[in-house]
Amino acid sequence: MREKNPRQSLLHPELVREAAIESIKKLNPFVMMRNPVMFVVEVGTLMVLLMLLFPRFFRVEDWTYELAVFFILLFTILFANFAEALAEGRGKAQAESLKKTKADTIAKRIGAKGEIEQVPSTQLRKGDVVLVEAGDLIPGDGEIIEGLASIDESAITGESAPVIKEAGGDFSSVTGGTKVVSDWIKVKITADPGESFLDKMIALVEGASRQKTPNELALNILLVTLTLIFLIVVVTLVPIARYVGIQLSTTTLIILLVCLIPTTIGGLLSAIGIAGMNRLTQFNVLAMSGKAVEAAGDVTTLVLDKTGTITFGNRMAAQFIPVGGATEEQVREAAVLSSVKDETPEGRSVLELAKQQGWQGEMAKYDHEEFVPFSADTRMSGMNIQGVPYRKGAVDAISHHVKQLGGRIPSDLKEKSEQIARQGGTPLAVSVGADIVGIIYLKDTVKPGMRQRFEELRKMGIKTVMCTGDNPLTAATIAKEAGVDEFIAESKPEDKIRVIREEQAKGNLVAMTGDGTNDAPALAQADVGLAMNSGTMAAKEAANMIDLDSDPTKIIEVISIGKQLLMTRGALTTFSIANDIAKYFAILPAVFVATIPQMKAIDILHLHSPASAILSALIFNALIIPLLIPLAMKGVRYRPMSSEKLLRRNMLIYGGGGVIAPFIGIKVIDLVLGLFM
Amino acid sequence: MWNAFWQYIFIFLLLMVIAMPLGAYMYGAFFRKGAIDRFFSPVERVIYKLSGLRSQEEMSWKSYGAALLVVNVILLGLSYGLLRVQHVLPLNGGKAENMEPTLTFNTVISFMTNTNLQHYSGESGLSILSQMAVITMMMFTSAATGLAVAIALIRALSQKGKTIGNFYQDFVRANVRVLLPLSIVVTILLVAFGVPQTFSARMTVSTLEGGVQTLALGPVASLEAIKHLGTNGGGFFGANSSHPFENPHPLTNVIEMLSMWCIPAALPFTYGYAVKKRKQGWVLFATMFVLFILMLGVVYKAEQAGNPLFGKWGLTTDGGNMEGKEVRFGIPLSSLFTAITTSATTGSVNNMHDSLTPIGGLVPLALMMLNNVFGGDGVGFVNILMYAMIAVFLSGLMVGRTPEFLGRKIEPKEMKLIVVALLVHPLIILAPSAFALMTHMGTEAISNPGFHGISQVVYEFTSSAANNGSGFEGLKDNTPFWNISTGMVMLLGRYLSIIAMLAVAGSLVKKQPVPETAGTFRTDTATFGVILFATVFIIGALTFFPVLILGPVAEYLTIR
């Protein structure tokens with residue numbers, strides 16, 4: 001997966017230091033209560049601490065053992081807190097840099113009578129109109145109501161090239177904190193202070209407004225239940241064991257409980273969620289909620305615009321077609337000559353196609369020839385070479401041009417150009433002097449790699465639907481070329497929302513991208529709506545994700561990130577629970593062996609001593625949390641493949657690994673402890 | 001050993017021959033309008049007319065659950081009354097006394113909850129009328145209740161709507177279309193092999209030595225049939241299926257084993273038909289079957305190995321452990337009976353579970369603790385579906401989608417309900433066991449103190465919680481403490497999870513299923529079977545690991 005802004009590495013010293021401090025602050029029981037699993041560990045730790053403080057009252061025999069247990073338990077909690085703090089810290093660092101752009105500016109508010117008054121940007125309210133001139137920071141989110149300006153949005157997007165925004169249309173919205181580079185605009189403010197896009201963004205990356213997602217909630221319910229079940233197991237074990245003469249110490253019971261409850265996933269769960277959001281932010285996509293990221297993983301249908309998403313949108317030369325008696329070489333030559341100095345995308349695409357076809361002319365030798373640029377009047381462009389006009393342009397314009405020069409119209413021109421039009425292409429006629437030599441077939445081109453992307457999506461079980469205004473024939477051609485599953489031809493904006501509703505009624509979860517105001521309802525209806533930052537405020541408000549780079553194809557990566565987040569959560573949950581088998585086999589014989597020597601038989605790990613066995617299990621339980629932090633942060637590796645293969649692979653690694661790893665880990669720790677005990 | 005192997009293979013094959021068509025039949029009986037419907041409808045219409053029950057109205061899960069509880073409570077009340085005054089009622093040839101209140105409380109709950117824990121002895125404690133109107137009647141209704149719940153859940157998973165069916169219809173159909181016809185067949189088979197079926201309560205015979213003996217009789221065969229088909233397990237006689245009138249012959253033994261196994265084993269197939277994914281049913285069946293085979297292997301091996309103390313005393317252990325077993329069944333068929341009766345949570349016994357070797361005794365205990373290896377009629381299948389949902393929830397995320405089962409998302413709402421059912425089982429086994437072992441009221445009933453004592457107590461509550469009803473015996477359990485505590489455990493074990501799972505059904509039925517794609521977590525593959533197995537093992541079994549270690553395992557290790 002490509003990373004847009006390679007920011008700090010995972011273990012940047014500054015971040016680690018901050019996280020370490022945070023993890024101690026998070027020991028506050030009222031904070032811990034939000035995480036019931038770790039809260040149980042904290043209560044256990046406090047109980048051991050009490051025993052250490054009042055050894056006589058609790059009849060503690062060997063305080064060094066209790067002390068060791070206390071510290072291991074404390075570190076278990078600290079490790080979990082550290083994971084969360086580390087994940088949060090990375091967001092905070094991003095938020096800091098955003099906050100800098102939020103510094104108060106002085107706005108030029110236009111009063112009712114047209115007078116300009118200087119007010120701090122914090123005093124602006126919805127509906128105020130401000131003037132922003134070259135060099136000013138835009139004081140708040142709004143719509144341009146008058147003027148046109150180039151705006152530097154790098155503060156938000158990281159992209160340094162300015163963008164042009166103007167009143168009316170889909171490019172009229174501006175974001176507070178961005179800078180007008182040239183010209184001036186009048187902006188109608190659309191957000192009160194504290195509710196602006198930048199404010200929301202800061203809150204998002206800081207994690208301040210983070211709420212548990214539905215899946216996290218459900219998982220938490222299960223984790224709490226498992227904790228309760230093991231609490232019952234441990235508490236009831238006391239009288240049952242006493243019946244056969246085994247007195248279990250409180251410390252032992254606390255250890256048993258802590259080892260059995262799912263501390264690994266309990267400790268890492270929120271870090272996984274935050275890290276998932278962070279991965280998205282690093283990718284320059286802002287998710288309005290964790291729920292949206294989760295939904296992205298669940299997407300089964302992807303509704304995409306053709307233009308700009310699947311294809312480049314601008315038309316490119318695809319073929320040179322001779323008419324009359326001309327040869328293809330002649331057409332190519334004429335097309336090239338008419339385009340040498342043409343800097344439009346179409347013009348450049350003609351040169352590219354010619355080169356691809358083996359044309360090897362010298363461009364420099366035409367440097368002094370006269371270039372005739374495109375004008376709305378003539379609707380053609382070209383070059384006069386030694387007095388001979390080389391032209392390309394719309395078929396009727398060129399026809400008109402040669403007729404004026406006294407030329408004839410080749411008989412097959414009409415038929416051939418109509419054929420191109422039928423296929424969704426645009427024909428450009430090319431003339432040399434008074435002769436039309438051929439046609440350039442301009443075609444909308446599918447972006448490279450899209451086919452493969454859609455192939456991957458299919459493997460992930462995601463259906464792609466292409467929406468286009470083209471006629472069915474053109475749409476079918478592009479759909480086939482790009483490899484999308486379905487297409488909607490001649491679609492109007494309201495068709496999108498219809499398609500989304502239909503898909504949803506079938507039970508599908510739908511993702512779509514959009515930027516225009518008329519996309520807003522569809523963006524709101526979709527389960528995952530990715531709005532382009534370049535789009536209108538209405539679209540951004542309606543969407544639950546915003547792509548700061550305004551690259552609609554990114555929706556595919558967003559889906560991958562969503563899936564990766566869910567997979568990471570599942571993998572660590574499975575791992576955590578599978579760990580219990582080994583822990584039981586380490587602890588239970590150790591606990592009972594003093595009274596029932598024969599219990600040695602189920603000590604299949606042959607651990608050094610009961611005390612070392614119990615401590616080893618507890619140490620393993622604590623250490624596994626920091627060991628898994630990198631995995632929680634980066635996410636498990638994800639490559640598109642069928643769910644069955646994915647499941648088998650992950651089950652083997654995290655399920656199988658979860659069973660085996662603790663056996664090895666506990667044995668190794670025990671060997672080390674054995675040297676000291 | 002090969003002898004046992006072939007006996008087992010033969011019985012497993014017979015099971016498949018019965019369960020697969022029975023699964024298809026039940027699908028037809030509950031879900032389709034066809035020949036089965038036309039055949040039974042006239043009878044059912046009469047029942048609806050006489051009872052005034054409305055069978056057409058679709059029910060939300062709440063009304064379904066309420067109807068279920070109301071029917072159960074009414075039957076409970078009637079039965080309580082009958083047992084308390086049975087002395088003065090007709091058909092009391094054996095002069096059975098009115099039953100004592102706490103014992104009656106325990107008995108009616110025991111039969112209504114499909115548990116059939118018996119703190120009384122049928123020969124002396126019940127009149128013929130009570131055996132028929134209370135015991136046999138409740139054996140039908142409790143099994144039908146369980147089946148109805150399973151059918152409701154299957155319905156929720158196989159269609160979309162707002163309702164989960166009509167309880168009265170499911171309940172009546174379970175009785176009329178499934179339990180009654182099967183019972184008639186089994187009764188006739190049993191009578192053919194010598195099980196008595198008569199209204200006379202006593203028969204006096206002169207023995208070979210010239211003495212005189214009174215034999216208790218009654219309508220045994222009919223009770224025996226529904227006792228097993230309904231996974232009830234309460235015996236006509238105190239000695240249950242080891243009594244020669246209940247289970248005279250190795251073949252009646254086979255009939256009884258298959259009777260109790262067939263409905264739980266057929267339900268996965270019914271389910272496969274209903275959700276239009278036969279493989280899905282097979283995966284559930286196979287997972288349960290593998291768990292079953294493992295457990296059977298352990299009990300057979302342990303019993304065959306015999307009592308190690310015999311070896312120490314210089315006695316032979318070649319014949320294995322025959323204590324508490326009937327010679328006509330031997331070790332293989334006793335072990336199999338033990339495994340089936342506890343996995344299908346029937347609770348009838350053809351050998352004394354208290355006399356099993358420690359590890360042999362661990363098996364019935366573990367099967368009841370899991371409570372989802374086939375399990376009782378309907379409820380066992382509901383349990384394995386619950387575990388399937390938990391398995392999906394835990395590992396389904398690993399394919400990068402939020403968990404869904406058959407296209408229905410498992411969300412916080414369902415999870416809250418599922419965990420109620422998950423939590424209640426260990427709670428009502430471990431908490432009362434701990435309490436009993438702490439107090440004199442509990443410990444005085446133990447006949448073998450020490451590790452075996454733990455097994456006895458835990459067995460009693462596990463059997464109650466799983467609505468199995470077999471006793472480890474040896475425990476002197478007809479005291480107010482045991483009558484009331486096990487009564488409470490049976491009630492909670494039965495109804496809490498039934499209501500919770502009906503609520504899950506009510507919530508799932510409303511969801512629009514997500515269409516299956518290449519990205520869907522498949523639950524009809526061998527991979528899922530393995531995951532389900534691991535989930536059952538880790539969540540279901542590890543919970544009870546400590547107490548099993550202190551009970552049977554410690555006993556085994558100390559006498560080795």
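Yeah, the Cβs are placed from backbone N, Cα and C, and that goes for glycine too.
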Name the residue, out of A:K355, A:K365, A:K392, that TrEMBL lists for the same ATP site as A:D342, A:E346, A:F374, A:S375, A:A376, A:D377, A:T378, A:R379, A:M380, A:S381, please.
A:K392
For the domain 'P-type ATPase A' (A:104-206), jot down how many residues DSSP puts in helix, in strand and in coil.
20 helix, 44 strand, 39 coil
Of the residues named as ATP binders, A:D342, A:E346, A:F374, A:S375, A:A376, A:D377, A:T378, A:R379, A:M380, A:S381, A:K392, how far apart in Å are the Cα atoms of the most distant pair?
19
Proximity verdict for the transmembrane segment (A:581-599) and the transmembrane segment (A:63-83), three or more C-beta pairs under 8 Å:
no
Using other CB atoms within 10 angstroms as the count, which residue among the binding-site residues A:A376, A:M380 scores least?
A:A376
What else in the chain is close to the transmembrane segment (A:63-83), if you only count residues 6 or more beyond its ends and a Cβ gap under 8 Å?
19-20, 22-24, 26-27, 32, 35, 38, 41-42, 44-45, 48-49, 51-52, 55, 251, 254-255, 258, 263, 266-268, 271, 611, 615, 618-619, 621-623, 625-626, 629, 632
Out of the recorded positions listed (A:D305, A:D515, A:D519), which are within 10 Å of A:T378 (ATP binding site), Cα to Cα?
none
Average model confidence [pLDDT] within the domain 'P-type ATPase A' (A:104-206):
81
Tell me, by DSSP, whether A:K392 (ATP binding site) is helix, strand or coil?
strand
I want to verify one value. Collapsing DSSP to three states, which class is A:D342 (ATP binding site)?
coil
Whose Cβ, among the recorded positions A:D305, A:D519, has more other Cβ atoms within 10 Å than any of the rest?
A:D519
